[in-house]
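*Asks:* Structure in structure tokens, see below.
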Amino acid sequence: MNSLAYFFSNQESHAPVMTLPFYAILMGLLIFFAYTTIRYYKNESYRRFFQVLQMTQLLLIYGWYALMIGNFKESLPLYHCRLAMLMVLFLPDKHSWKRYFALIGIFGPILAFAYPVMDNYSLFHVTIFSFIVGHYALFVNSLLYLLRFPRKNLLDKPKVIIGMLSFSSLLLLVNQITGGNYGFLRETPLIGGASAPFRFLAVSMVFIFLILTFDFFFWKYGKVLVRDQEQYKELANDSL
């Protein structure tokens with residue numbers, strides 16, 4: 001019971017210390033899940049496991065926010081990855097915006113683990129569990145979608161640009177009302193001392209660039225990844 005109370009505590013302490021081994025494990029697992037997802041993207045049990053894992057993580061973190069925090073400064077699903085978690089899970093597969101959020105779900109976790117910004121709680125806390133497990137589940141679910149539903153055409157560039165600038169503008173308004181840091185527009189990693197307009201443009205342009213870049217990558221090489229994996233399986237089966 002003490003462990004459970006500790007896991008759900010609202011008493012802040014300090015964020016986990018990012019040692020080199022811890023960092024290597026985070027990035028290594030991301031590579032591992034990329035491999036297993038490409039290998040098992042057709043496996044229904046594999047897909048269901050990560051969908052349920054994501055749902056469980058979301059229920060835990062938002063249940064904790066509702067019961068233990070009770071304000072909107074941090075609890076809204078308006079960080080890019082948080083919103084992508086919901087959209088990748090619940091948008092219909094043919095929805096025009098699902099690929100947009102799935103692409104965020106690929107590079108978002110990479111950025112999150114490359115430069116972790118965790119809450120001021122110990123490693124064994126629901127917020128840290130949500131940060132780590134949530135980003136892994138988002139990465140896998142997004143990659144599953146992109147492999148299962150390849151597109152013949154690239155995303156519409158003006159739509160991506162307008163969509164991201166509109167979303168960033170909404171986040172500015174929400175941050176002003178709640179005092180939050182949604183989208184990292186109030187306190188931006190690496191450029192926190194820059195002016196607000198510069199941070200707005202920098203964050204928006206980075207996301208636009210990455211969405212378009214990863215969209216091109218999966219449009220160009222998504223089928224190649226799957227085809228190479230299928231050929232590997234055939235060779236492995238023939239050798240048995």
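First residue shown is number 1, and so on along the chain.
Including glycine, each Cβ sits where the backbone N, Cα and C put it.
Note that TrEMBL annotation is computational and uncurated.
According to TrEMBL, the protein has these features:
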type     : residues : note
TRANSMEM : 20-38    : transmembrane segment
TRANSMEM : 50-70    : transmembrane segment
TRANSMEM : 100-118  : transmembrane segment
TRANSMEM : 124-147  : transmembrane segment
TRANSMEM : 159-178  : transmembrane segment
TRANSMEM : 198-219  : transmembrane segment
*Asks:* Under 8 Å, at least three CB pairs between the transmembrane segment (100-118) and the transmembrane segment (50-70) (pairs 6 or more apart)?
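*Replies:* Answer no: the transmembrane segment (100-118) and the transmembrane segment (50-70) share fewer than 3 Cβ pairs below 8 Å.
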*Asks:* When only pairs 6 or more apart in sequence are counted, do the transmembrane segment (159-178) and the transmembrane segment (198-219) reach 3 or more Cβ pairs under 8 Å?
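*Replies:* When sequence-distant Cβ pairs are counted, the transmembrane segment (198-219) touches the transmembrane segment (159-178), since at least 3 lie under 8 Å.
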*Asks:* Compare 20-38, 50-70, 198-219 by their Cβ pairs under 8 Å to the transmembrane segment (124-147) and return the stretch that comes out on top.
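*Replies:* The stretch with the most close Cβ contacts to the transmembrane segment (124-147) is 50-70.
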*Asks:* Six or more residues out from either end of the transmembrane segment (20-38), which same-chain residues have a Cβ under 8 Å from its Cβ atoms?
*Replies:* 46, 109-110, 113-114, 116, 132, 136, 139-140, 143-144, 147, 225-226, 229
